[in-house]
Ligand SMILES: Nc1ncnc2c1ncn2[C@@H]1O[C@H](COP(=O)(O)OP(=O)(O)OP(=O)(O)O)[C@@H](O)[C@H]1O
C-alpha cells in the first residue's frame with residue numbers, strides 16, 4: 001500500500017466512526033467537505049472550502065477527531081486547515097429555490113436532519129444547510145400559563161402573511177423553550193411555503209460568518225445573503241453584546257430587513273433593555289416589535305411536558321412501566337428548567353430499559369440522586385411547623401406552645417424530627433424555635449419518632465409524605 005492509499009484508508013476509518021458519533025447530517029455538512037492531507041509533526045492537515053469550516057470543525061469536533069487518530073496510533077495534537085482556492089471570488093445573489101435555511105446552534109447541536117439542496121453560498125460555507133431539530137415542532141410544544149403568550153405570538157408569525165410585529169422578541173431563562181419555538185415557526189413556515197427563505201442561526205454563528213466574510217473579503221456576499229432572506233431568526237442575541245463590529249453589522253442587517261418588511265425573530269436570555277453592553281439604538285430597535293417572555297415553568301406545565309415525553313418513550317419502549325407518582329415527584333423536585341427535566345426522564349428510561357424493570361419511586365431516587373441533591377431546597381423550621389400543624393389539624397400556637405397533651409405532643413415531636421432531618425439547625429436552635437425548649441427535649445422527641453416509625457407504618461408514611469411536600 002503506498003502512502004496515499006494509507007492516508008485514504010486512515011481517514012476513511014475515522015470518518016466511519018465520526019459519521020456514527022456526530023450523525024449523518026453533521027457529517028455531511030462539516031466533515032465531508034474536508035480533504036484530509038496527512039498528519040505530520042503531530043498536526044493533522046486538511047484542506048477546507050473556507051476558513052469558516054476550519055473554525056467550526058476545530059471548535060466542535062477537534063477533540064473527537066484527534067482522539068480517533070490517536071486510537072489508530074497516529075499521534076495528532078492539533079488540526080490545521082488550508083483553504084481551498086475558489087474559482088469565483090464573488091457569487092450572484094442566492095435564488096429562493098436553492099435557499100438554504102437554519103443551521104443549528106453551534107454550542108448545543110441538537111439533532112441532525114438530512115441536508116437539503118445546497119446553494120453556491122452553502123457550498124462555500126457561507127450558510128450551511130438546515131439542521132432544524134425535527135422534534136421541535138408546535139405539536140411537541142406543551143402550552144401552559146408560563147409560555148402561552150410566547151406560544152401564541154410564535155403561532156401568529158408562523159401563519160406567514162403580512163408582517164404585523166417586527167421583530168418578535170422572545171426572552172426567558174435557560175432551557176424554557178425559546179429555541180424550540182423558533183424551530184417550530186421555521187418548520188411551519190416551510191411547510192406552508194417550501195420556497196420561503198427562512199434562516200435560523202445563533203448570534204454566535206452570525207458573528208463567525210461575519211468575521212470570516214471580512215477575512216475572506218466576501219462582505220458583499222455576506223450582505224447579499226442576509227438581505228435576501230424572507231425570515232431571519234437569531235437565537236441568543238445577548239452573545240453579540242460588547243462585540244462592536246458584529247453589533248454594527250447586525251444593526252444594518254436588521255434595518256435592511258425591517259425596511260423591506262421581512263420578518264425577524266430574535267431570542268435572548270433577558271429583555272432587550274437588560275442586555276448589558278448592547279448599543280442603545282439596537283436595544284430600541286429590538287423593542288419596536290412584540291417583546292414576550294417565557295416565564296419559569298409551573299408544576300402543571302412540568303407535568304404536561306413530562307406526560308408528553310413519557311408517552312413518546314412509551315411508544316419507543318412499549319414494555320416499560322412507570323409507577324404512579326413518579327412524574328409528580330419529578331415535576332415537584334426538578335423545577336429549574338425543561339432541559340434538566342427531560343434529561344432526568346431520559347436517564348430513567350435508559351436505566352429501566354437496561355435493567356428491564358418498571359420505573360419506581362425508589363429507582364428514581366437512586367438513579368437521579370446527584371440531580372435531586374443539587375435541586376434540594378433549603379427548608380425552614382417555620383415551613384415545617386406550618387406544614388405539620390396543617391397536617392395534624394392543630395393550631396400553630398399549640399404546636400409550639402407549652403401544652404403537653406398527646407394531641408399536640410406527638411405532632412410537635414414529628415416537627416422536631418423533620419427539623420433535624422431537613423435543616424442543618426442544631427438541637428438548641430430547634431429547641432428555641434419550639435417555644436424555647438431545651439435541646440434535650442428535642443433530642444428525646446427525635447429519638448421517640450425514630451423508634452415509633454420503625455413499628456408504626458402509618459406514621460412512617462405520614463413522615464414520608466410530609467418530607468416530600470416540604471422538599472418540593
Ligand atoms: N413547553 C415545552 N414543551 C415541550 N418541550 C419543551 C418545552 N419547553 C422546552 N422544551 C424542551 O426543553 C429543551 C430546552 O428547550 P430550548 O432549547 O428551546 O430552550 P432555550 O430557551 O432555547 O434555552 P437556552 O437558553 O439554553 O438557549 C428542548 O429539548 C425543548 O424541546
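Start at 1 and count along the chain as shown; that gives each residue its number.
Glycine is no exception: its Cβ is also placed from the backbone N, Cα and C atoms.
Features reported for this protein in TrEMBL:
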BINDING   175, 177, 178, 179  ATP binding site
COMPBIAS  98-117  compositional bias 'Low complexity'
DOMAIN    164-294  domain 'AAA+ ATPase'
DOMAIN    380-449  domain 'Chromosomal replication initiator DnaA C-terminal'
REGION    1-86  region 'Domain I, interacts with DnaA modulators'
REGION    92-124  region 'Disordered'
REGION    353-472  region 'Domain IV, binds dsDNA'
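Summary: among the binding-site residues (175, 177), the fewest other C-beta atoms within 10 A of the C-beta are counted at 175.
Along the region 'Domain IV, binds dsDNA' (353-472), the predicted structure has mean pLDDT 88. Its Cβ placed at the centre, residue 178 (ATP binding site) has 25 other Cβ atoms within 10 Å. Residue density at residue 179 (ATP binding site): 24 other Cβ atoms are found within 10 A of its Cβ, drawing on all protein chains shown.
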